[in-house]
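**Q** Pasting the feature list from TrEMBL:
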- 169-268: domain 'P-type ATPase A' (DOMAIN)
- 85-103: transmembrane segment (TRANSMEM)
- 123-147: transmembrane segment (TRANSMEM)
- 284-303: transmembrane segment (TRANSMEM)
- 309-330: transmembrane segment (TRANSMEM)
- 613-632: transmembrane segment (TRANSMEM)
Amino acid sequence: MTTVAASVPLCPASARPCTCFRPFESTCSASAAEQAKHSPGWIGDRIPRALSLFGHDVETVEVLRVAVVAVSAALVWFGLSGSVAGVDVVGSAGLLFGAWPILREAFENIKERRMTMELSMSIAILAAATISEFFTALVVTFFVLVAEELEHLTVDRGRAAIADLIDVMPHEATVRRNGIISLVPIDMIVVGDRVLVAPGENIPVDGVVKSGLSYVDQARITGESMPVKRSAGDAVFAGSINQSGALDIQVDRIGRDTSFGRIIDAIENAEQSRAPVQRLADQLAGYLVYFSFAAAIVTYLLTGNIRDTISVIIVAGACGVAAGTPLAVLGGIGRAARNGAIIKGGMHLEMLGRIDTIVLDKTGTLTFGEPRVSAIHPAAGRTEADLLRLAASAELRSEHPLAKAIVAEARLRDIAVPEPDSFDYTLGRGVTARLGDDRILIGSVKLLQAEGIDVPAGRAGDALSSEICVAVNGLYAGAFAVADEVRPEAADAIRALHAMKIRTILLTGDNAKVAERVGASLGIGTVEAGMLPEQKLERVRALAASGAKVAMLGDGINDAPALTAASVGIAMGSGTDVAKESADIVLLANNLERLVETVRIAQRTRGVIWQNFSGTIAVDALGIALAAFGFLNPLLAAFIHVSSELIFISNSARLLPAADKMRLSPRMPRADAGASTATRMPT
C-alpha cells in the first residue's frame, strides 16, 4: 500500500533530516509535521513531493512518470492512442514526459564527453521512436525508470542498514554533578563527568565503571556474542547496552572520540574514499558502452535491421557493476564494523581481501599483553625489594606490557614506587631513567651490552619467559623473568588463516627461546626473534618487495613503523594510540577471531565484486551476440538489461549487515527524574 511520507526538515529527536516517514509518531513532533506541510516537501497543502513505497522514498513525479508511461504503452498496444498528421499523439506525449530525465542526463553526458548507459538508452529510445516503434520505446523507458527506482531502493536500504547500525546513541544521559542528578544532552557532557546508566539503557560514552555491577552487551562494538561482566575498574564503550544492573561511569571519551564514534567515522568515510576496484568498475562501465555502440554499428552495417541494432544497444548494461561495487564496499565495511573492526577506507578493505601473508607481533597480539613477573634474580649485594623498587620507578611512565608487569609486582608487594627524576624510552631497546643519584638502565641484553655493561650468564630467562635486565650506574644489578600467557583462540585463528592460504610470520623483539616456543605451539613456521623496530620495518619492506601482499598485526609503539610499511596495517584494541593511528584497520576487541572474521569479510567482498564483474561481461557478451543475430527483440533485451542489473546489485546487497533488532524503548518523561534516578543508581 502506498502511504504519504512527509518531508520533515529536521527530526526533533536527532536534529537530522527526518527519514522515518512517520510524522505523527513519537519520532517526530506534530509541530514538525505541521511545519513540513509548508516546507518544500509539499506541493500546496495536500500533495506530498514524495511517497513511501515499500519503505522507500520516491518522488511523486517519478511515480506519476512511470504510471504515464505504462498507460501510454497500453493505449498504443491496443491501438487507442490516435494520431495527428501521422504522429502517434499518446505515444509521443507519454514518451516525452517519461523519458525526459533519461534524455536530459544523456545531453549532460554529451556536453561532458562521457559515454554512459543513459546515453545508450536514449539513443535506443529515440531510434525506436524514429521508426514509429512507440510501444517498444515506451516499454524500454518503463523498464529503465523502474530499474532506476529499484536500484535506488536497494542502495537506500543498504544505507538504512548502515544507519540502523550507527544510529543507536541516546540523545541525553543521566549525569551526577555536585551531588545533583539530572538529564543532560550528550553534547553537554565533558570528560570527567559521572554518567549513571540504568538497566536496559545504551551507554553513551567511553569510560571506566566507578561503582555498580552489570552485564554489558558489547556486540555492536567488539563483535562479542555474549554479554560481559562489568564492575568497578572495568572499561565500557559507548554504544553498548547495559543489561542487568545500574552503573556509575566516569567519562573518558565522548562523541566522535569514542570507539563507537570511530566506527561511525569509518562507515561515513567509506563512501567518500574510493577503492581502486571502484575506479575499475567505472572504467568497465565505460568500456561496455563503447563496445555496445561498436557492436550496434557493425550489426546495422551487416544486417541493415534497425530493430536488431536497437536490441544490441539496449541489452548491454554495466549499471549493476557501477552501482553494485560501492554498495559492496559499503556493506563490507559496515559488516566489519558490526564484527568489531574499524576499516578506515575502501582501499584497505580491498587490500585485506588480497593479502597472502600476515606478520604478527607476539606481546599483546598473540599473547594477552598482561605479563607477570615469574622470577627475580638480583645481582650479588642487592635484594629483590631493592631491585623491584629501582626497576618499577624507571618503568613507571612506560606503556610497555613488560614494564607494567614490573610496576604491578612492586605494588603487589607493597613496595613504594617513587617517580623518576627523568625518563627516556629507546624504541625497541628499553628505558633509561634517573632516580636521585642512580642512573637506571632497563631492557634487553643488547641494550646493556651496547652500553658496555657486562651481563653474566645464568640469568632469569628461560624457555617460558621473557628476560628484562637491569643496570644501575653502569653495573649489572639483576634480571626479571616475565611470562605472558598465549591467547586461547590464537591457535584456532592461525589454523583458520592457513586454511585461507595465508602465510603467517612471527616477528618479535623477545628472546629466541620464548618466540620459538610460542610459534611452535601455534603452528607458525617462520619465527624471527630479537628484532628491533627498524628490523621489523625492513623485514616487512622486504616481503612487500618480493611481491607478497602483507598485513601487519601489532599493538605497540615499536610496531608502528612496520604497520605503516605493510600493505595493510592492523592494530589490536588494547594497543597504544600510536599503533592505532598508524594502522589502516583497528580491531576493537582483543580477540584474534575478530581478525579472522574481518579477513573473511574482505575476501567475501572482493569475491562478490568480481562475481559482478565477470557476470556483467558474460551477460553483455552473450546478449549482444544474440541481439546481433536477431534472437532478441528490444523488449526482451530491455528485460535482460534490467534483470541482470538488479541481480548484480542484489548480490552486493547481501554483504550489508542485518538491521539491528535491539531497540531501546524511548525514555519516558518523569516528573521526579532526580529522585527516581537516585533510588535506582549506585551511589
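From the backbone N, Cα and C atoms, a Cβ is placed for every residue, glycine too.
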**Q** Near the transmembrane segment (613-632), which residues from the same chain, at least 6 beyond its ends, have a CB less than 8 A from one of its CBs?
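**A** Counting only partners 6 or more residues beyond its ends, the transmembrane segment (613-632) has Cβ contacts under 8 Å with 281, 284, 288, 291-292, 295, 298-299, 303, 305, 308, 311-312, 314-318, 320-321, 640-641, 644, 647-648, 651.
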**Q** Can you check how the pLDDT averages out over the domain 'P-type ATPase A' (169-268)?
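**A** Over the domain 'P-type ATPase A' (169-268), the predicted model scores a mean pLDDT of 85.
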**Q** Within the domain 'P-type ATPase A' (169-268), count helix residues (DSSP H, G, I), strand residues (E, B) and coil residues, in that order.
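**A** In the domain 'P-type ATPase A' (169-268), the DSSP-based counts are 20 helix, 42 strand, 38 coil.
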**Q** The transmembrane segment (123-147): which same-chain residues, six or more beyond its ends, come within Cβ distance under 8 Å?
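**A** Residues 62, 65-66, 69-70, 72-73, 76-77, 81, 88, 91-92, 94-95, 98-99, 102-103, 106, 306-307, 309-310, 313-314, 319, 633-635, 638-639, 641-642, 645-646 contact the transmembrane segment (123-147) from elsewhere in the chain.
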